[in-house]
């Protein structure tokens with residue numbers, strides 16, 4: 001192809017993208033965000049809880065003319081004219097890193113666990129994907145919902161509003177990352193756009209507006225319709241200890257980076273919106289504490305091992321951890337074993353993630369080789385292990401993706417930690433460019449606003 005033809009093709013593609021974005025912004029301006037009673041009425045009318053709509057597919061809480069958009073766009077392009085401090089760099093990277101890890105891990109999600117797999121070295125290593133290449137999943141969507149709730153409620157924690165936004169993600173296509181793939185035609189029908197981004201995609205997930213929901217979160221939707229004002233799904237001390245509340249918490253330590261006690265407490269409380277297990281809540285508490293602590297480290301010379309050694313040691317002193325999560329904080333073998341279907345030997349309760357040979361529970365790996373990591377304790381321990389024994393951001397997210405199992409969520413949590421540790425590194429910026437077509441700096445601008453405490457007026 002001649003140089004002139006290449007330039008012409010690039011110009012036409014850019015023009016097409018600008019037209020799509022302009023039309024998307026116009027659509028956003030006309031969209032009305034539903035109230036909780038309106039949403040409940042609509043769901044009660046469709047009592048099957050099976051229909052997905054697209055009313056919020058193009059909705060964004062942040063106006064297109066928002067001044068922070070220009071700043072964040074330049075920051076995420078690596079523009080050196082914006083010299084941001086270390087704390088802000090770490091904070092933005094927490095949210096962006098989680099989205100990158102989520103999108104990359106989604107490529108190998110539900111692959112059988114394999115500690116020697118090394119096929120993922122970036123976003124263009126696999127075909128026949130579950131979803132459009134570099135599209136984030138429910139992990140990032142639900143984190144965006146939490147961020148939006150803070151920004152739209154004067155930075156206050158509102159359990160009912162967060163639960164409402166979770167419902168809107170699934171049933172109304174809110175924050176699902178697909179707005180750049182669809183555009184409304186003249187008859188109001190959503191049409192595929194940017195078709196080159198969905199090559200090699202399996203149809204069953206592509207044809208859903210939002211995808212990736214877990215049974216724990218879905219049950220919360222039914223409960224929400226019946227009890228929208230509840231601050232937790234069930235009574236405490238249950239056994240719902242999945243990783244779903246860990247994957248979405250990145251906005252919390254960003255907002256509360258200057259109040260680490262509150263960062264830990266709010267992370268604990270938001271877990272109870274969908275999970276009734278104390279282990280899951282304490283995992284959230286520990287992760288949020290660690291990330292908030294890391295954001296406040298101004299010494300760039302510290303290694304990942306030094307950072308995690310320091311923050312985990314402080315967590316053991318500051319947090320009142322009552323469950324096995326304390327052993328994760330200490331990176332230790334748990335000293336008691338209650339045998340059940342998922343715990344048959346001491347190795348099933350080994351949380352010594354600092355050990356270079358650390359692996360998932362052998363019993364849980366054998367029972368669910370494609371879903372291992374779905375337990376909050378497993379996901380957090382493995383994410384800490386990967387970060388402890390890595391030297392750069394890209395290495396972290398690729399290692400998480402190569403593992404398989406519940407790799408999108410382990411990738412998300414690993415990327416969250418790596419973002420805090422490395423900040424806006426060159427490889428993070430490069431990887432972010434891969435998810436930009438669907439992500440559109442939505443994580444970065446929310447992180448920027450949360451860190452600077454500038455709510456949407």
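Count begins at 1; order follows the chain as displayed.
Keep in mind that glycine also has a Cβ here, set from the backbone N, Cα and C atoms.
So that you can see what the record holds, here are the features copied from TrEMBL:
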BINDING   137, 138, 139, 406, 408, 409  Mg(2+) binding site
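Overlay of TrEMBL annotations on the structure.
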residue: 137; record: Mg(2+) binding site; CB count, 10 Å: 27
residue: 138; record: Mg(2+) binding site; CB count, 10 Å: 28
residue: 139; record: Mg(2+) binding site; CB count, 10 Å: 29
residue: 406; record: Mg(2+) binding site; CB count, 10 Å: 27
residue: 408; record: Mg(2+) binding site; CB count, 10 Å: 29
residue: 409; record: Mg(2+) binding site; CB count, 10 Å: 32
Mg(2+) site, defined by 137, 138, 139, 406, 408, 409: further same-chain residues with Cβ within 8 Å of the Cβ centre: 102, 105, 106, 109, 212, 247, 411, 412
